[in-house]
Amino acid sequence: MIKSQKEYLERIEYLNTLSHHYYNLDEPIVSDAVYDELYQELKAYEEENPNRIQANSPTQKVGATATNEFSKNPHLMRMWSLDDVFNQNELRAWLQRILKVYPNASFVCSPKLDGVSLNLLYQHGKLISATTRGNGLEGELVTNNAKHIANIPHSIAYNGEIEIRGEVIISKEDFDALNKERLNANEPLFANPRNAASGSLRQLDSNITKKRKLQFIPWGVGKHSLHFLRFKECLDFIVSLGFSAIQYLSLNKNHQEIEENYHTLIREREGFFALLDGMVIVVDELDIQKELGYTQKSPKFACAYKFPALEKHTKIVGVINQVGRSGAITPVALLEPVEIAGAMVNRATLHNYSEIEKKNIMLNDRVVVIRSGDVIPKIIKPLESYRDGSQQKIMRPKVCPICSHELLCEEIFTYCQNLNCPARLKESLIHFASKDALNIQGLGDKVIEQLFEEKLIFNALDLYALKLEDLMRLDKFKIKKAQNLLDAIQKSKNPPLWRLINALGIEHIGKGASKTLAKYGLNVLEKSEAEFLEMEGFGVEMAHSLVNFYASNQEFIRSLFELLNPKSSDTAEEKQKSSSVFSDKTIVLTGTLSKPRQEYAQMLENLGAKIASSVSAKTDFLIAGENAGSKLALAQKHGVSVLNEEELLKRLKELD
């Protein structure tokens, strides 16, 4: 239960960290069940405090942010995420909200496959593009890889423009075979089928994708000009075009029928060919769908009825510590092997040491293990009645298991702050070169991996010592490409200070905090915890993280600053901000605009604006698109300046 705005802001930061690891890094920190519980508490707080909702809340966003490996591609119609329901009471309440207004509504129910959502665009019967969900507005363009998925037709018998959406999955059988191959080749195993599907779909070499035996199961449409009256008719039409049909699809009229089909799926889940984590429920009548509409994040006419976790009893025989890409230390329990949902489980995440202490889990305990969402094995609780005196306390580590560096121990998480730790070096450098950091063109993760394999770099300083002959050793590098990368690396010198601070990847310090820190000059990282706490928007965790990071990497930071010679301010950017009518103004965007809201939000933030999600007396501008609704009325009530899209574009043009 969240009791204060401070706890609310901390929960947002924590959930966004979990989402980043799950969607963008394919490196889950907690199980789906834990995330769902934390998310629902956040949602409950926001429902009670609608005027305090923050724009960066996960309730206001969909899915992942596109990575730098593939080009971004917009969806013609937004890809929404689904609201979850977890029990009969929640389902009954969801149904009643619809049936109260539309008593004759019917519902299409189908298995919720746990894979990667993909949007296929067909024009004149030809497959034009395949794009991952991404943030719902745009995703990664993976067309070449999608064409290697056997059951995706390259052409269809329909000449209109249509977006066909579905889930890319790998069957349980093919997943097991893939991991056996990787084991024999001494390659790291995939944690679960979802990660395998995601990693396979996002391969830069499409021949690898072809070998992975991915499947595409359609579940809906985006933009189209079909004239059907019912959702099920759309699905039947898609199957008639040559796509695979959804198994166990049913049409239901009431709560009882939906519950019966839900429990049928639960009984069948273990023998189902792919992993399931629930049942999708969608209003069948398309006119009712249109009238119900959407929230900011999800459709009101559909939901996901989540499955309960599968559980078994086994024994903890050991504990190891893994170092994630952010430096987070995750304790992992080694278990006596136990079969859950057709998979042999011999490890389970303990999440963090705070969780271990809270649940009083000990070495040699018999424990309850679940596979939440049929994916991540997790220990729920110890069976204390089985204790026989052989149990031992699981101790929180003091040094990194990889580099032996002293760890930063926070209330919940434990981190390795050493930038030179091999377990986190690669990801640190990928972040260092990323768009919101030093923005080094051509230096993506595959290039960085090659540089590590060739032992050409060990930290960010080594990038600036690379020579042409070094890069010529890399795969697919010729003189022009190598020289372009060297030029891009040199061009990254003399960056604005905030970019270099952000590039360091300090825990809890993102782009916004980096810009605040940069206002205090080149020696800002040498400040004390008390001085950091005096800065606007800085809490104890942020201050503590900054002090510990600088203490752990003082020599490296000084060398990097000396080499790159950052500018204490980005003169051109600051000049533009200071002259901007939007500088230091609070702005809310609402209604339908010709561009994604987040694109306008980014433009305005670059001009010094603060973007909020709700209108109040403190709001300076409301940018109102079509169908602006209640926010427009509230803005007029408070005397807030209202700009339509045309007026906004005119003002932005005046600032160029």
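Cβ atoms are placed via backbone N, Cα and C, with glycine included.
As recorded in Swiss-Prot, the features of this protein are as follows:
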ACT_SITE  Lys112  active site, N6-AMP-lysine intermediate
BINDING   Asp32, Ala33, Val34, Tyr35, Asp36, Ser81, Leu82, Arg133, Glu167, Lys306  NAD(+) binding site
BINDING   Cys400, Cys403, Cys416, Cys421  Zn(2+) binding site
DOMAIN    577-656  domain 'BRCT'
* Just the number: how many Å between the Cα atoms of Cys400 (Zn(2+) binding site) and Asp36 (NAD(+) binding site)? -> 30
* **binding-site residues clustered about Lys112 (active site, N6-AMP-lysine intermediate) [Cα within 10 Å; pool: Asp36, Leu82, Glu167, Cys403, Cys416, Cys421]** => Glu167
* Between the binding-site residues Val34, Asp36, Leu82, Glu167, which lies closest to Cys421 (Zn(2+) binding site), Cα to Cα? -> Val34
* To do: Among all chains shown, work out which of the binding-site residues Val34, Leu82, Cys400, Cys403, Cys416 has the most CB atoms within 10 A of its CB.
  => Cys416
* Output, ordered by sequence, the same-chain residues six or more apart from Glu167 (NAD(+) binding site) with a CB under 8 Å from its CB, or 'none'. => Leu113, Gly115, Val116, Ser117, Leu118, Phe216, Ile217, Trp219
* Structural state census, the domain 'BRCT' (577-656) (DSSP three-state) -> 32 helix, 18 strand, 30 coil
* Asked: Given the recorded positions Asp36, Lys112, Cys421, and counting only Cβ atoms in the protein chains shown, which has the most within 10 Å of its Cβ?
  -> Lys112
* In the same chain, outside Cys400, Cys403, Cys416, Cys421, whose C-beta lies within 8 angstroms of the Cβ mean position for the Zn(2+) site? -> Val323, Gly327, Val399, Pro401, Ile402, Ser404, His405, Leu407, Gln417, Asn418, Asn420, Pro422, Ala423, Arg424
* Asked: Just the number: how many Å between the Cα atoms of Asp36 (NAD(+) binding site) and Cys416 (Zn(2+) binding site)?
  -> 27
* Structure fact -> Expressed in Å to no decimal places, the gap between the Cα atoms of Cys416 (Zn(2+) binding site) and Val34 (NAD(+) binding site) is 24
